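Visitor: Among the features that TrEMBL reports, active site is placed at D291, E403. The Ca(2+) binding site feature in TrEMBL is assigned to T489. Per TrEMBL, compositional bias 'Basic and acidic residues' is recorded for 829-847. Here TrEMBL flags 853-869 as compositional bias 'Polar residues'. TrEMBL lists 1-36 with the feature signal peptide.
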Amino acid sequence: MAKMGNKPCWWLIHSSRSRMSTTILLITCLLTWAKCQENQSMTQEEKLVIRDQIIEMFDHAYGSYMKYAYPADELMPLSCKGRVRGQEPNRGDIDDSLGKFSLTLIDTLDTLVVLNKLDDFEDAVRKTVRDVRLDNDVVVSVFETNIRVLGGLLGAHVMADLLRQRGERMQWYQDELLHMAKELGHRLLPAFNTTSGLPYPKVNLRYGVLNPLSRTGTESDTCTACAGTMILEFAALSRLSGESVFEENARKALDVLWDRRQRGSDLVGTVINIHNEEWVRRDSGVGAGIDSYYEYLMKAYILLGDNVFLERFNIHYSAIMKYISQPPLLLNVHMHNPTVSVRSWMDSLLAFFPGLQVLRGDLKPAIETHEMLYQVTKQHKFLPEAFTTEFRVHWGQHLLRPEFAESTYYLYKATGDPYYLRVGQSIVEKLNAYARVPCGFAAVQDVRTGTHEDRMDSFFLAEMFKYLYLLFSEKTELPIDIDDYIFTTEAHLLPVSLSTTKPPCPGNDTETDPVSHEEDLFTHSCPSLETLFPNNPSFAKTIRDSYKYLTGVGRAFHPLPVREIELPLHDNGMEPVEFLKSMGISLTPLNEVMAGEGRRQKDRKGVYRVKLVAELSQTQEEEEVLPHVVQLISPPYLGRTVLTAGPAKFGLDLTKQEHGVKGSIVKASPYTACGPIDNAQELEGHIALALRGDCMFAAKARRLQEAGAIGVIFIDHREGSNSEETPLFQMVGDGDSTEDINLPLVFVFSREGAVLTAALEEHQNVDVLLLPKERQLGHDKTEKPVSMNIKLRLAEEGELDEGAARGPTLEFFLEKEQLLLKEEEEEELEHREQQHKACTKADKDGRTAPCTAGSSPTTKSNCGPDTNP
Ligand code: DMJ
């Protein structure tokens, strides 16, 4: 039995008098028990059990990859097979990590050593040397190939070398992995062949960039992190191989980014033009697009001991703490106008930042932000790819990203607070409960529905298992001294001795550019061991405590004193109760409240005394998205095929167009609309179909608008996605002003998109109408005016349980007139039956069915889109 102080929980239950207080205390007690658990230290045995669990999970994930997928790049854990590029439907830029080089194997190599699986490591190294080719005719992302493959080869080489030197194993090893790393480095180098020195985002492993056979080199932009996350791997490669060219190129790219920082704010943007060095996206944060640029400045200093990196980092860090960090939040601001935040959501990649702050020795904000992230995981099980500043889901996907585990590990190292072990334990449990599938672990398509996606990215094995295993291991239990290494952004291990044992190659020092600067706390400081590892568990707790109910989850129910709530006085002077009554709502205040104090209130207009019964919301409402549709109106569809679509937060507002926007559809070329549009003539005056991915919605829209399109339908690139299973979302701009975009824009999932592309293939002309769903043609079942007879009464004391608490709010009970409810249900049932008959018939006849493909995000459509033409 868990204890509260010295007293067990049951003591509280038995000493309470009324039923209500018993309930409240029980809930409080349970929550406190959970809290006690969170703060309780963890015994060695318990840690060992969790560590074994992590090993078992790793075996399941890695074993599945080796069994079902190897030598493919990635495992498809739902199909139990490998993902081979070109053999699976193209997912856009995500696929640029796949170079037909057994990505997951290479990314996992040094994890095998950390987890003390030395036989498996030796075997995996043999396989890598024997099977992996790095000269495939494939266009890959320079950034991803660097951090996953080059980093993976270098980390594994360092480990292999160490084991060989110990003389116990790997005696056959002759630096093969280092030779492979060097080969790969040379294959990436053509990307740096730009006048600026900023690398191209993609390279063809066999043909480079500007070669006519390379199929790449037309890109003009790259992300800041993409250009600024090379130095660790490239410097390590230079120092291990003696070839300075790699480190020189990585330094040059960093110099450009530094030089192009906004001098007023000391911030950088998210996307930069690699030819003219102009910023393409000026929003600035610490998450997607920028994250590891900052990480690499700090870590380059630690690895290479070169002050220039620390100075740059410190100046950026001051700016981040001034404008971006609003503990516990990390916001995105405009780099030129940093007091203005540019969006109301955060992305999950920023979860690495508390870990970096630990390295920086700035524990307080690290603890605050980490606690905020933990609260979000409690509410949504995992960190959604993006969540609002009110902690609602903005983009519900979860790719098994490791950043939260990474920060948890760093915070545990820094504080020694067992709370972080409990956080780690919750990560382990959630992965097993919600992501584990028979052939591995599957990404979550949407944390709200828990549906899975057929992908297990290689970083899950490279990073997640390392950080989790290290969290639960004693230093002495590890096969290497972990403090001798620095983790790359992909958690590959590079020895910190590199700068002393392998000095910089000649000409490799970046000149310290004399920056005259307002000095502050961070300008000249080094990470300090004292602040870094205070090893005082209660230090973190006092900081955390103010954030523990941030999202409302886990708060105990405390009845609150009577409060006054202002209800609006209507223009027509009606009393609030009458005003509500005119809407069919009758309000009955608690008798006791009225009896005791009602008389005093009589003369006070506009103030109605009621009891506020709960304060905090248990589950946040999702952001409301107004469903739109794409309605096919030309023959043979004649309005009968209606595809559910999501709107955009920018472009023409379709809710303001009485009749929607009509036009015939034409596929954009290139289909992603990320390069120059080469079928402008065909598109002129038509609605473009464009595939999601590779670049921002706003960039695509701009190009298509310039090409003369009158609207755009974006089609999801994720295979099989559909509006029945995935909640709709609103497309957002690119952080900069999107006022120049005046086209109507809608988004359809891939199954609905397939209906459009199939229609286009079959018929020369397909006219569609874009409009809000409620205005679709022939939709005569106009929303019934609300004719429910709602009775409201206020909750009795103790009637609400803790789980129902929401707030700040009034809690009413709705009592719907039974008769009306029944009528509605019957009508719905009849409607479904009719649709079902029509669909079944259409299936048999193979004819067009008068059905709606995914017509509602919540109700299942009666016919899938594949039955439509
Ligand atoms: C990893 O590949 C790296 O950590 C990268 O820097 C960004 N995040 C992914 C995993 O989420």
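Here the Cβ of each residue, glycine as well, is placed from N, Cα and C on the backbone.
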Visitor: How many Å separate the Cα atoms of E403 (active site) and T489 (Ca(2+) binding site)?
Guide: 10
Visitor: Just to be sure I understand the packing, how many Cβ atoms besides its own are within 10 Å of the Cβ of D291 (active site)?
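Guide: The answer is 25 other Cβ atoms.
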Visitor: State the Cα to Cα distance, in Å, between D291 (active site) and T489 (Ca(2+) binding site), rounded to an integer.
Guide: 9
Visitor: Under a criterion of Cβ-Cβ distance under 8 Å and sequence separation of at least 6, what residues of the same chain contact T489 (Ca(2+) binding site)?
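Guide: Looking at Cβ-Cβ distances below 8 Å from T489 (Ca(2+) binding site), excluding near sequence neighbours, one finds I147, G151, T229, L232, D291, S292, E295, Y296, F352.
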